[in-house]
Amino acid sequence: MKKKIIFLRNLGIEHWLTTFNKMNNFIISRNPCTYDEIWFVEHYPIFTQGQSNEQKNLIVSNDIPVVQTNRGGQITYHGPGQQILYFLIDLKRRKMNIRQLINIMEQTVIETLNNFSIQAYTKKKMPGVYINEKKICSLGLRIKKGFTLHGLALNVNMNLTPFNYIHPCGDKNMKMTQIKDFNSNVKLKDVRFILIKELSKFLEIFIINSN
């Protein structure tokens, strides 16, 4: 039973570095009996660069902090109104590979958007979720000793302007969108509720809310 239980934590809004340090401490301290966790959080404005990023993808920061991370992928923006999920998963214990986890993450977002009558899709060799050739959800993970860190960022109701200061995910032609563009009354808490519902379907687990 232990391997099926995931603790869900709603961290509210935090500075990226605060959450990053919590993730690292969690990974360092976890053992084979540690429950997996998924963290829901928003961040204050920040650009995060993945290990594959090239400096040319940052056009201008406009006084928004820029940090280098240890996740995969390239550069993206985080800000209030964006729902971030960090997946702290023991892949070996769940007999799951990284591609299977990414598929679960993407399909969870697609089904969540479907609840808002939004048709979304994935692209081969381009992780994330898209609507009408625009990106609404970015993914970036790291695996350390079989444990995952980082996760996904779903644009809900946020200021998208800072995405114009970068080449999102290293693509100068990439445009971003959000749920608000399709549903002006969307609330983050409603999206979070549906994400939890869809996650529980795909992972077939008990999700325990632990604030």
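If you go along the chain as it appears here, the first residue is 1 and each next one adds 1.
Heads up, the Cβ atoms here are built off N, Cα and C, so glycines get one too.
Annotated features in Swiss-Prot:
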DOMAIN    32-207  domain 'BPL/LPL catalytic'
BINDING   Arg71, Gly72, Gly73, Gln74, Ile75, Thr76, Tyr77, His78, Ser138, Leu139, Gly140, Gly151, Leu152, Ala153  substrate binding site
SITE      Lys135  site 'Lowers pKa of active site Cys'
ACT_SITE  Cys169  active site, acyl-thioester intermediate
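On the structure: features taken from Swiss-Prot.
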residue: Arg71; record: substrate binding site; DSSP (3 states): coil
residue: Tyr77; record: substrate binding site; DSSP (3 states): strand
residue: Lys135; record: site 'Lowers pKa of active site Cys'; DSSP (3 states): strand
residue: Gly140; record: substrate binding site; DSSP (3 states): strand
residue: Leu152; record: substrate binding site; DSSP (3 states): strand
residue: Cys169; record: active site, acyl-thioester intermediate; DSSP (3 states): helix
Among Arg71, Gly72, Gly73, Gln74, Ile75, Thr76, Tyr77, His78, Ser138, Leu139, Gly140, Gly151, Leu152, Ala153, the record's substrate-binding residues, the widest C-alpha separation in angstrom comes to 16
Its Cβ having more other Cβ atoms within 10 Å than any other among the recorded positions Ile75, Leu152, Cys169, the winner is Ile75
Cα-Cα, Ile75 (substrate binding site) versus Lys135 (site 'Lowers pKa of active site Cys'), nearest Å, comes out at 14
For Gly140 (substrate binding site), the same-chain residues 6+ apart in sequence with C-beta under 8 angstroms from its C-beta are Gly50, Thr69, Arg71, Gly72, Gly73, Thr76, Pro127, His150, Gly151, Leu152
Cβ neighbour count within 10 Å, max among the recorded positions Gly73, Lys135, Ser138, goes to Ser138
Within 10 angstroms of the C-beta of Tyr77 (substrate binding site), the count of other C-beta atoms across all shown chains comes to 25
Cys169 (active site, acyl-thioester intermediate) sits from Ser138 (substrate binding site) (Cα to Cα, rounded, in Å) at a distance of 8
Rounded Cα distance in angstrom between the residue listed as 'active site, acyl-thioester intermediate' and Tyr77 (substrate binding site) is 10
